[in-house]
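K.L.:
Submitted below is the structure of interest, expressed as structure tokens.
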Amino acid sequence: MSRLLHAEEWAEVKELGDHHRHPQPHHVPPLTPQPPATLQARDLPVYPAELSLLDSTDPRAWLTPTLQGLCTARAAQYLLHSPELGASEAAAPRDEADSQGELVRRSGCGGLSKSPGPVKVREQLCKLKGGVVVDELGCSRQRAPSSKQVNGVQKQRRLAANARERRRMHGLNHAFDQLRNVIPSFNNDKKLSKYETLQMAQIYINALSELLQTPNVGEQPPPPTASCKNDHHHLRTASSYEGGAGASAVAGAQPAPGGGPRPTPPGPCRTRFSGPASSGGYSVQLDALHFPAFEDRALTAMMAQKDLSPSLPGGILQPVQEDNSKTSPRSHRSDGEFSPHSHYSDSDEAS
């Protein structure tokens, strides 16, 4: 550790200087200031007094009173209050002062050294100022946590967006899996891609819609049964007799009470005669077993109107008169058409 110079040591240094300067009494050493009064008290170190003892070649020489114009107050405050320089930086000037005293004792020419240039002084000053600025920037970074908060908010938003996208993709994949299970895969072990799945679904939907629009595509209509053929044959025969009965009705025949349009026989067989059933008629299915006596019954009903239709030949009227007592009335039909109950007797109809 360095130590301060005593007054006795300063006296010795002064005597050595006077001895060397005796041939030139008019010459005054530039850097031999008198020790301040504060140095006499050994236990009271003062930084400005110590700085005045530094050599002009030392980088800290710009803090001497000769260079007080270059931010002396800031630099002195930095040296006095810096915690990092309390032990190391403060000890360096003392060591250098001791070495300077020894050099003065040996040679006595320490005052003739060259002073540092202004460029070097400015460089040292910039270094010190740069250190202060760096420290201030570090403090400002620590005091401004807003950037960290902003980064935290952005990170949370990014994580939330990633979670939403992950859920959306999971739902989309689940929907495609269900669609693959519905559409026909034709025993294909390979898993269809999303594009192929959509194409197959489109084709499948179009095929189903066409099938609904044309339900009987590729099916031949069933052939008509034998009963339907017999029905058409006998209905054509009845229509011919119906034309003759209509002519007689125009000549002056009055329709029997309860007459009405012919009932439409229900069933799988379709005919060209369609109309609502009368109140007195019965809607029954036509059967081929009823039609063998159809022509005789129709002829008998027509011949019963011999008085109303004199145009008919007389030879045909005799069998009609003989068989008239055995036949039942025409079930109140006036159009000469076959009635389903024409084969019943009067007793059956009355009951």
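Numbers here mean position along the shown chain, with the first residue as 1.
Yeah, the Cβs are placed from backbone N, Cα and C, and that goes for glycine too.
Owing to the predicted nature of the structure, the values given are computational and were not obtained by experimental measurement.
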K.L.:
Region 'Disordered' per Swiss-Prot sits at which of 174-208, 244-278?
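P.N.:
Result: 244-278 is the stretch Swiss-Prot calls region 'Disordered'.
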K.L.:
When DSSP states are grouped into helix, strand and coil, how many residues of the domain 'bHLH' (156-208) land in each?
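P.N.:
Taking the domain 'bHLH' (156-208) as a whole: 42 helix, 0 strand, 11 coil.
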